[in-house]
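Structure first, commentary second.
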């Protein structure tokens, strides 16, 4: 017997293999008319088995019409599943009716947060972070390995280069940083041929002028040490380290270059001295005259200047000329006795020495490192006075005289206290003079002639304004100023006097006022009686009342209520004390 082939039915072999007769019947009953029509096309063995069984009396639930083809496709798909229970459950879930049958399992509803796992996946975040960290660290390592040298950065223009003659001078930029991240802040001046030489370290103190001595005229044991100029506690150092200006004046000519290195770390000294700003006039004075009074050849006038350093030296000369006279006066006012180091400047011309290993002859020139104090107003006066070298020299002298430690400590602490308390005098001594204010263009610089001209201009302005004021006649014409004679004024005064005397003569006496019950003073309103003085706060008169007193008060109050107080007729029944 040939069975018709229909694409929406399963083949018979798979139906035999997957289902027994009962489950197939159950499924086809649940699928409606189209599924029931499929039972006619089953093989005879299947039909016989189904006729022998009892007929299923369950009500048939019809869900869709005959034209609904997708359900046939769903039936075909569901036959491929493993068990008939799965088929039945799927059919119940596909149906629009949510009421489960007697044999259908309950519908499994999906959770509210079923879709949350698609969007929100926090278990992957840690992995992403660690991967990101690995990527960034790898990129940083790659950048560090690809870092360029100083010469390449100078070629690219990242670092500035001041001049290149025999030696190269280059100022390190902010971008040229150390390996640990700290940026180089000091200016560096280096020779490629003399890279092995030890640089001369300068103290870290930001407020000291230092003169580097010529290497050939040193007689002391410390040939490379800088000579510290004596200090004056007049200009106090700003709290932050200011900008440095290097004055380099090579002696031999343009082919000789200066080797100096400015390091930030100072040597470990016994006493950490903060030097005050050395005055520029003192620098000139100390360059010309040594510590022992011996005359040195003047360096600023005779030395030829390097072409690239001309601008800096011009600026320095301007500042020297600007502050010369004021600083000389302050020098006379506050003398300070300080001593040079053991290695002093000696007289004599600078002689060039041949360097080691056949290097070209190099002459060390006196180099002045000057700090530009841009912020003179924000000055910690007391702390600088505490650390001034004058106090330290006094303490050293006391120690040399072998005085008691306690007494020296007491005197030094007393001196510190006096210096601290004298801050007003320090501030007054640090006030800038008129000339300095004029030089800073804070006060306008004026000669006597300019001052006189300004006064004359102000005078002419005032006279012109006074001449523009209206005269008395104009004011009279405008009816602002009324014309008056002396006789008229006298008459007005007499009239006022007459009126006042008439009023005073017509004033009633106190008795008349009392008769009219017009009282003047407060005592006229109040009856005065003598009373005993007692503590009114502590006194509680109701505690002294007896039961009879209380009853009398109550009776009086009730009578007053019943007779004097008016009560509305509608609320009279609410009162206890109404008239009978």
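A Cβ is built for glycine as well, from the same backbone N, Cα and C atoms used for every other residue.
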Ask   = Which of the listed residues, 281, 291, 467, has Swiss-Prot annotated as phosphoserine?
value = 467
Ask   = Do you know which of 187, 266, 337, 505 is annotated phosphoserine by Swiss-Prot?
value = 505
Swiss-Prot annotation (region 'Disordered') - matching range among 376-410, 411-445, 516-550 = 376-410
Message = Which range is it, out of 42-63, 64-85, 86-107, 108-129, that shows up in Swiss-Prot as motif 'Nuclear localization signal'?
response = 108-129
Note = Cα-Cα, residue 505 (phosphoserine) versus residue 467 (phosphoserine), nearest Å, comes out at 52
Key: DSSP-derived helix, strand and coil totals, residue by residue, for the repeat 'RPEL 3' (460-484)   = 14 helix, 0 strand, 11 coil
